[in-house]
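I have placed the structure first, in the form of structure tokens, so that the comments after it can refer back to it.
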Amino acid sequence: MVHLKTLAGSAVFASLATAAVLPRQSASLNDLFVAAGKSYFGTCSDQALLQNSQNEAIVASQFGVITPENSMKWDALEPSQGNFGWSGADYLVDYATQHNKKVRGHTLVWHSQLPSWVSSIGDANTLRSVMTNHINEVVGRYKGKIMHWDVVNEIFNEDGTFRNSVFYNLLGEDFVRIAFETARAADPDAKLYINDYNLDSASYAKTQAMASYVKKWLAEGVPIDGIGSQAHYSSSHWSSTEAAGALSSLANTGVSEVAITELDIAGAASSDYLNLLNACLNEQKCVGITVWGVSDKDSWRASDSPLLFDGNYQPKDAYNAIVNALS
């Protein structure tokens, strides 16, 4: 979530392009998106935000899926070897269960927010054992409670080569197969995703690498169900046609589904949000959208005001435009 692409406000299809901004309506984003043929409209959260009454009220009323922003990352769950801390993740999963929400698990294998005891491992067999044990413990604990798992996250550089990480350095690209096969065995019913950012143009080297490797891994029997495009955008200069084309190119790899997994857009222009909404609506395999937070004040990009609710938890024009477009 470092390099942010930009999105141009080019034409969206007619029913969305003409959408006027309306006052906030009672129907939830999730209900409206499901009525439009998709599986969910979600957000990210964690225990502290779910205990914030203003934030929680919006999560409860607007979204159908919750992604843990940080509580399921390796440093949160297993800060020292074999010592798991489940309280934050348990809280989120329990909240989702009690409020009839689903959960996207995020993330099992990632180079960042990785404890030093893992990143300093120097032996391939040790790392393989540590990685498979971590996946088995985490996925096994929440078996049957997680809709999607982001199994591997941000594994490519911008030029399409593999990112320098302890996983790739010791195990080569085989760490991807090991991670997915382990996750599949631990919970056969969860959809398994590979997730990354800057997958925003079909001609971009990173997008092409993702598509090429996923096709290769699927042909080799690696159980990848979906590709997640994070969609952290900057201002209005990136072609929405390219964004839609990129989503299509990911869908055409042979995966069963794709999703927009961490959406936020600097400035939160209504036209930009509608363009991404439209890209998912027009791609049959796009099952849903997750926005990366509720209120601008709690965003990792707070100064960019990138979300659908302002710092006072009030709906912004982009929220109203989405509701109107889907109504």
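From the backbone N, Cα and C atoms, a Cβ is placed for every residue, glycine too.
What Swiss-Prot annotates here:
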type	residues	note
ACT_SITE	E154	active site, proton donor
ACT_SITE	E262	active site, nucleophile
DISULFID	C280-C286	disulfide bond
DOMAIN	44-325	domain 'GH10'
MOD_RES	Q25	pyrrolidone carboxylic acid
SIGNAL	1-24	signal peptide
Which of the three DSSP states, helix, strand or coil, fits C280 (disulfide bond)? helix
Residue among the active-site residues E154, E262 whose Cβ has the most other Cβ atoms within 10 Å: E262
Hey, how far is E154 (active site, proton donor) from C280 (disulfide bond), Cα to Cα, in Å? 21
Reduced DSSP assignment, E154 (active site, proton donor): coil
For C286 (disulfide bond), list the number of other Cβ atoms lying within 10 Å of its Cβ atom. 23
Could you give the Cα-Cα distance between C280 (disulfide bond) and E262 (active site, nucleophile), in whole Å? 13
Pop the Cα-Cα gap between E262 (active site, nucleophile) and C286 (disulfide bond) into the table, whole Å please. 14
